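**Q** First the structure, which I've put down as structure tokens, then a few questions once you've had a look.
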Amino acid sequence: MFSASLELILSIAYREAESRRHADLTLEHLLYALAHDVDAEKIMQACGADLPALRHDLDNYLQRETERLPRHSPGEPVQTLAFRRVLQTAVLHVQSAGKDEVHSGDVLAAILQQTNCFAAEQLLAQGVTRLDVLNYISHGIAKVPPAPNRDGVTPDQAVHAGAEDDAPTVQRDPLAAFTVNLSERAAAGQVDPLIGRSVELQRTMEVLCRRRKNNPVFVGDAGVGKTALAEGLAARLLDTTVPAPLQGAEVFSLDTTALLAGTRFRGDFEERFKAVLASLGQHAKPILFIDEVHATVGAGATTGGTLDLATLIKPVLSAGEVRVIGSTTIEDFKHIEKDRALARRLQKITVDEPSPEEAIKILKGLHARYAEHHGIEYTDAALTTAVKLAGRHLRDIRLPDSAIDVLDEAGAMLRLRCTETQPEGNEDRAATPTKKMVTAADIEHVVARMARIPEQQASASDKERLRTLEEALQRVVFGQDDAVAAVAKAIKRSRAGLGQPERPAGCFLFTGPTGVGKTELAKQLAIHLGNEFLRYDMSEYMEKHSVARLIGAPPGYVGFEQGGLLVDALRSHPYAVVLLDEIEKAHQDLLNILLQVMDHATLTDSTGRKADFRQVVLIMTSNAGSREMSAGAIGFSGGRSKAVRGRIKAAIERIFSPEFRNRLDTTVTFGTLTPDVMEMIVEKFILQLEAQLAERRVAITLETGARQWLATKGYDPVYGARPLARVIQAEVRDRLTEEILFGQLETGGTVRISLADGDGPLKFAFEPSAKPSQTANAVAGPETVG
């Protein structure tokens, strides 16, 4: 358990007591031996001990105050209780730290825990505390600069008490151990330039020039550039044109993780932070930057204690001698707001996400550094595409950080691709005659991979999508050509810039019977536009209190800190198709909220965060008028009379208020389904089934009679086409299940589905692929009532 060097020290202490004929082996003998050990000397010197004076005082004490044995007495020195307790304490501390051996530093720390002990009193008299010893042996932080050793050479390495051979570098200044000098990095050109943010930077300097409470805190989403703003401030302060109160100011970034690491005992953390403040006080105009400042609330607090970093910095914030800059996110700023004393000492500066135009300027200012790093070039189209696609598909991180990530990864991808295609034997791979160019296509590929979406969906150019929007929707939503045309026209108008810029891209009310394609059209529209599809069932928002789920609970209520579902979703996916299904079931308060959304394209949740609806297609579905429509049509119906349309309009006006209807782009009424449309839907379901069976190599051929029979059986005037899925499951899927698992389609094959008689049931003919010579076996299915 004891290291080899500590075993030697204990042996020396014993021999010292024996040579002096002392009856007891005391802590003074142990400290005297430590004072003559090379490793222990370095530790005590780093903690401020005067070793010659310490040795002299210990020698006098051992000569005059320690009991001696009679001359020629056969007795041996006996360990005192304090001696054994120190060794036991050192062993327990080492075990709790997960170490294997006890070293001299651990014993020194244990000695300093003793009371009524001359050895501990001598160390304390020279200014050596237990925290000083622990700081040095754990982190290599010297209380004083190391003195020259016996050879007259200043040591560059400190001895780590837990590992004799592992000697970390002495950190003479706490600022070097726990902070990063951003001003030095900016002077050396090691920080990226700050593009834009002139308003935020000016406001920051104004707060810093205040007499009291001169502590700004940057509040904004992750990736908007809060840390870059602090680095830009450090670079700006190097300019001679800055205001006089800030000339010569230095910015230090606090490393909170390093400050906390290894603080096992009460007081360790506080001692370190005070050392940082003391070192900052030696500079003329220090500015301390604390990234993720919300983490200071609770940081460093021991179990059951209340003293954390936030408590320690409050006096500093009030005095104004050391100016502090913090950064945090909107969500995490709530933790600071709970501590009112801390919040009032900070001046909030909101850092919003830059607009796409501003983000493009930022990328144009930064791309040269990434091009130099990767040895490539970026086209202007690549920069624009990176901002556009990152803003649409990578919403977990805000602009400009998300676009910078795309730019960086595209450069790395092209760099590796060029390296892999280098001819073998070409050692000088960097000496390529021309630099490769990152194009918009490369950016699209990277975004598709990062967002895990199909590559065609990440295409920056949506002209072709808009050109074919109506035709594409008509291929997947059958029998509702008027509805598709109305939606496509409104979307194109918005994308052409002819819509109202402060309103959503589209606000539609889909009305009509159930099962005619209202929800399907919204879903297919999202797929074709490459937008996120967000569906909310309004039957869940029938009560007044349930509206809070969308925009967040009011302050003081459960769930206040969680925000609202709709606001959170739109902040993550600003390009979306939002479907509010069966809107007539929602509470009136929700409809009142939608008035604001449809008019100003903005929704604010209970915490003050705003969601932007300008790129959102808002679709609300309703069954209003379906009863009037069904009354005017028996069975399949392809058209509606003028009287029926009037009754439908009256039903919509009866349910929805004039101010609600007036904010809609258009009200789209879906008609009932015709026999031809039902047959097309049957064909679509069968194609989906065939795609599912592609891995099992099963092909399906559906004859006309069977298709018509399924269309008739799967249609219901009340439920529309919804029963069709159940009919196909019962009549087709269940019949194929047995054959695929145990019958003729185990190894694949072809299925021909026809009508056995004039009115059913279905007949299945199987042709297994593994037995091509086998005659097709016709099997009639169970007869069902049509």
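Using the three backbone atoms N, Cα and C, a Cβ is placed for every residue, glycine included.
Bear in mind that TrEMBL entries carry predicted annotations, made automatically and left uncurated.
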**Q** Which is it, of 51-74, 147-170, 411-434, 459-482, that TrEMBL names as region 'Disordered'?
**A** 147-170
**Q** Give the mean pLDDT for the domain 'Clp R' (1-144) on the 0 to 100 scale.
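**A** That stretch averages a pLDDT of 85.
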**Q** Quick check on the domain 'Clp R' (1-144): DSSP residue counts for helix, strand, coil, in that order please.
**A** 89 helix, 9 strand, 46 coil
